[in-house]
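The structure appears right after this line, and notes come after that.
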Amino acid sequence: MAAANLLSRALLPALNPNPSSHSNRVSPSAVSLRCRHGLTASVRASLSTAAPSPPPRPAAAAADGRAPKRCFRRGADGHLYCEGVRVEDAMGAAERTPFYLYSKPQVVRNFTAYRDALEGLRSIVGYAVKANNNLRVLQLLRELGCGAVLVSGNELRLALRAGFDPTRCIFNGNGKTLEDLVLAAESGVFVNIDSEFDLENIVTAARVAGKKVPVLLRINPDVDPQVHPYVATGNKTSKFGIRNEKLQWFLDSIKSYSNDITLVGVHCHLGSTITKVDIFRDAAGLMVNYVDEIRAQGFELEYLNIGGGLGIDYHHTDAVLPTPMDLINTVRELVLSRDLTLIIEPGRSLIANTCCFVNRVTGVKSNGTKNFIVVDGSMAELIRPSLYGAYQHIELVSPSPDAEVATFDIVGPVCESADFLGKDRELPTPDKGAGLVVHDAGAYCMSMASTYNLKLRPPEYWVEDDGSIAKIRRGESFDDYMKFFDNLSA
């Protein structure tokens, strides 16, 4: 069988114990990066002694103001680049694989696309911290003018540590604890009311903190976002928000607690990976009708929060997907007609395409019916494919031009049949030690990582504006894990 033959040839390099025999492997001494104490040095774009092909130019903002789709691009030399830096070189410089590699300029470009789209509107861009909670990423977004959307007390603490303006932060969630709500009240962030007991807890927290809390009502508009059921949040079966049949009860209750809370707006969130902006328009139309109804009862509403959820091109098919400008233009007139401040909560569309998950191939095998590429990354570091059946584009960092192409499942070392990063992917057969990346890994990947099988969370790096690489999170170590057991009684 042809596939079996090419797999046999692919496994031959495994017999050579000398890793330097792989022509694409970069000597760690040849590349430098930010060290543990924060010093930064540039990474050379190419370490070849031959005259290299020029790397692709770093992605720039499109003429119409839309952010470019991808910052990771294949060069004429066959290597994968991030903003002009070879990913192969980043692998040689990293403390270990797997790791996450970001483009800092792409984060800026993505935010700029939202900022430009919101021109002419009063607005708050509230970054969904749950998508990616790296402190350096948060600090960058705060510097750009982002607020923060939070769903736990620790996310609130992290946002405050990152320097976010509390008056541009929103505390969401269907199970907020009293302790976390007291912190929210003391901090001065907006708080969304999600249920009857949530309202009671918010009032109690306001009294404990001695602060009047600005609140929004999270109304479930029962709009089908046409996405995976696990990421749909605005339909009638969702655990989030209040049903419109109960709206009057909440309004009456809020009036009775006027010394403790102030109703300042309404909120909805439809789901995630949404690729049709008319869904946002339909929801916004329902929400402004609620605004009219609530204002008619004497409430002075200022804010309309339409949530987030804009999808991205995970399949890398160059499909025409809605942009931030498309999204905002569908609701612009509705917002202006009611003189509202618009709050949006992007997460995935701000951060997903800025990052890839970089792995090293452990080996290639076949069980007679399936071909497998086994890598050192796994569902522990990136669970979306296992959890949602999600597709993320996968490619080799520096494939050999002579490698035969076959269909593979890309799997990790975790002791679960569900441990896969991709299935049925046509790829050149890689050598042992080759680099393999999972694209669009900036959102809901590292933030959902676990220590299952005692796989420790990986390091993170980003490419700076000047082409240098900086470590933005160190990898967890076994010693870090053991510290949880220090000084415990026998």
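Backbone N, Cα and C atoms are what each Cβ position is placed from, and that goes for glycine too.
Taken verbatim from Swiss-Prot:
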TRANSIT   1-44  transit peptide
REGION    45-66  region 'Disordered'
MOD_RES   Lys130  N6-(pyridoxal phosphate)lysine
BINDING   Gly309, Glu345, Pro346, Gly347, Arg348, Tyr444  pyridoxal 5'-phosphate binding site
BINDING   Arg348, Arg384, Tyr388, Glu416, Tyr444  substrate binding site
ACT_SITE  Cys415  active site, proton donor
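The shortest Cα-Cα distance between Gly347 (pyridoxal 5'-phosphate binding site) and any of the recorded positions Lys130, Arg384, Tyr388, Cys415, Glu416 is the one to Lys130.
Cys415 (active site, proton donor) is 33 Å away from Gly309 (pyridoxal 5'-phosphate binding site) when you measure Cα to Cα.
The full span of the recorded substrate binding residues, Arg348, Arg384, Tyr388, Glu416, Tyr444, taken as their largest Cα to Cα distance, is 27 Å. Relative to Arg384 (substrate binding site), the recorded positions with Cα atoms inside 10 Å are Tyr444, the candidates having been Glu345, Pro346, Arg348, Cys415, Tyr444. Listed binding-site residues: Gly309, Gly347. The one with the lowest count of other Cβ atoms within 10 Å of its Cβ is Gly347. Considering only the recorded positions Glu345, Pro346, Cys415, Tyr444, the residue whose Cα is spatially closest to the Cα of Tyr388 (substrate binding site) is Tyr444. Spanning the residues Gly309, Glu345, Pro346, Gly347, Arg348, Tyr444 that the record associates with binding pyridoxal 5'-phosphate, the maximal Cα-Cα distance equals 15 Å. Of Lys130, Cys415, Glu416, all annotated as recorded positions, the residue with the shortest Cα distance to Tyr444 (pyridoxal 5'-phosphate binding site) is Lys130. Each residue contributes its Cα atom, and for Cys415 (active site, proton donor) and Lys130 (N6-(pyridoxal phosphate)lysine) those atoms are 27 Å apart. Between Lys130 (N6-(pyridoxal phosphate)lysine) and Glu416 (substrate binding site), the C-alpha separation comes to 26 Å.
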